[in-house]
Structure formats: structure tokens, C-alpha cells
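**Student:** Can you read through this structure? Questions will come right after.
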Amino acid sequence: MMFSERELFVHYIANLTPVGERGFLPPPTDLQVAPTWASLALIGTAILLTITAIFGVFVTKQTRSPMFILVLLGAVAFPTFVEPLGDIIGATWYPSDHRYIVGEFFGRPMPLFVFLFYAAGIPIITCSMYAMMRAGASAKLLIGMWALLAIPEIAAEIIATKLNVMHYYGNNVIFGVPASSIVQNGGFMIVIGWLMLALHPGNKRAGLWRWTLTPLVAPFGLMIYAIAATGGSYLLIHTQTYGPALWITTAGSVLLNIALPLLLIYNPIVTRIRERRQPTNEELALAMLFMVPPKDDSYSAASGETAADPWKDALRTS
């Protein structure tokens, strides 16, 4: 049967219209997870949180700073606000038959293991990257930490999707996860580390307003980063767009997810810290493994200055 060009065009538009009217893709509400895998997810994240708590006590005593505790409190915003909203936008779903569903947030069931996962991970990666940047870690080391987080994290997500512990139900997936996630989860570490450095430069005592904003750095940092770098891909997922448009946009999202953290790694402010300071291996180990920044002023130690303002310095030379 032959169609005219006009009939083909009308047919094409008619097929697009329901997609636009449907808006966000409906999630797979009938998806189920095996009790064994649900239990392992809960036990595994509980163990991780226990380890995080031990590290938290150590770093808080060493630094005499409330940063770790405040970041831990801010981690609650992930499963109650950032994650459910992000799941709608990014087409992600947690089966409702998980053990111990804490509640529904924005229409999304949030299992207890998601709460434990964020509480265990967010304080560690935030405080570790902040301490490393303040210590003057090299660009290569920061990029290495990015990869060190991204590779096991994306591997865990691939396994989780295969076991229905979680599920990406959009059309933009590689091995069950979005292509952008391969670099985004590690890049997020760089973004929040830099934002924390911007809020707590370390050259003077932090005021109350800085500590008030501290719990918001990680959750809102992720939201801004994800939408800025991956917004185009999210849109095509929900409009079920295939073909060259999908893959070109996906490639663009991957590149943006790489470019934004790299811009922060080579930002004049972070670069100036590296120029002024040559950290010892012990300082880098304390920062990377135990989240303890150097006790001296990272910005002025190398030049003998006191209470230098790195922000004004960087602006003058940028």
C-alpha cells in the first residue's frame, strides 16, 4: 500500500502527539526484586554506613569541625528529595516490594537501603575531595579519584539493574544504565568537593552562614550538575526519541559530564592552591583516606603569606 508524502507526514505527527501528551514515561510499577537481593542490598549498605560512622568519629575528632556531621545530615535530602525527583526525570525506579520501604516521596517508593547508601557515601566523598583540594592534590590525582569512584559505582549499578534492585526504564541505556552515568557519578565528587572549597576556603574561620549552607552543598550540587550536563538526554528519554538525535545528544551529555568537572579541576582557584603548596605523601594520604585537610593554610603555606584570599588572587590572574 502506497502513501503520499502528506499522509506520511500526518502519520508521523500523529505518532509524536501521544508522546508529548504523556509527559514523563510511566514507571514499571509491577517490577519485583527477589527477597535475597533486597536483603543483600540492605545488609551491604548497613555495613557501609557503620564504616562511615567510624570514619566520621575519627575525622570529627581530628579536625574539630562539624563539616562531616553536617554533610551527613544533608545526605537525608537525597532519598527524600533529590533521588525521587531525579528518578522521575532520569526514568529510574526502585521496586515497591523492597524490604522496609521508608515511604513514598513524589510518588516514588524509597527503600531503606537507599537512605543507608547516601548516608554512607555522601559524607565520605564530599569530605575526602574537599580535603584533597585543600591539600593541593595534583590534577592527575583528582582525576584518578574521579575514576576510582566512577568505575566501581557504575559496575554496582549495572549489577543492581540486572537483579532488579533498581531499574532504568528509559531508552537511553548501555548495559542497563544511562551512558552519562558512566562519568557523572565520579564527576559529582569533583563538583561537590569544589563547591565545599568555595564555601569553606580554609583561610579564615567559617561563619554561621557557611555552616548553615554546608548540608545543602551535596544535594543541590548534584541536581545542578545533573540537569546542566544531562538535561538534553533526559528529555529524549521521556519523548522516546531514537536514532541519530538520541546518540548525538547522549554523546553531548557524556562530554558535558566530563567537561564540567575538568573545568573545576583546572579552575584558577584550585590551580593557585596547587601552585602555592607541595603536599607531602602523608598529607595526601590523610586527606584521601581519612578526610583530614592540612592543618596549615593551604593557600599561603608555600609563599609564606598569612590569611591570603585565594578568590581575589585567582580573579586578578584569570
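These residue numbers are counts, starting from 1, taken along the chain as shown.
For all residues, glycine too, the Cβ spot is worked out from N, Cα and C.
As listed in TrEMBL for this protein:
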TRANSMEM  37-60  transmembrane segment
TRANSMEM  67-90  transmembrane segment
TRANSMEM  110-131  transmembrane segment
TRANSMEM  143-161  transmembrane segment
TRANSMEM  173-199  transmembrane segment
TRANSMEM  211-237  transmembrane segment
TRANSMEM  243-266  transmembrane segment
REGION    297-318  region 'Disordered'
**Student:** Can you say which of 37-60, 143-161, 211-237 has the most Cβ pairs under 8 Å with the transmembrane segment (110-131)?
**Tutor:** 37-60
**Student:** Take the transmembrane segment (173-199) and find every residue of the same chain, 6 or more past its ends, with a Cβ under 8 Å from one of its Cβ atoms.
**Tutor:** 67, 90, 125-130, 132-134, 142, 145-151, 153-154, 157-158, 161-162, 167, 210, 213-214, 217-218, 221-222, 225-226, 229-230, 233, 237, 250-251, 253-254, 257-258, 260-261, 264-265, 267, 269-270
**Student:** Checking distant contacts: for the transmembrane segment (67-90), what same-chain residues at least six beyond its ends satisfy Cβ-Cβ under 8 A?
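**Tutor:** Tertiary neighbours of the transmembrane segment (67-90) are 24, 27, 52, 56, 59-60, 102, 105-108, 110, 114-115, 118-119, 121-123, 126-127, 130, 168, 170, 178, 196, 200, 211, 214-219, 222-223, 226-227, 230, 234, 237, 291.
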**Student:** Please give the sequence-distant neighbours of the transmembrane segment (243-266): residues at least 6 beyond its ends with Cβ less than 8 Å from one of its Cβ atoms.
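**Tutor:** Contacts of the transmembrane segment (243-266) (Cβ under 8 Å, skipping residues fewer than 6 from its ends): 139, 142-143, 146, 171-172, 178-180, 182-184, 186-187, 190-191, 194, 225, 228-230, 232-233, 236.
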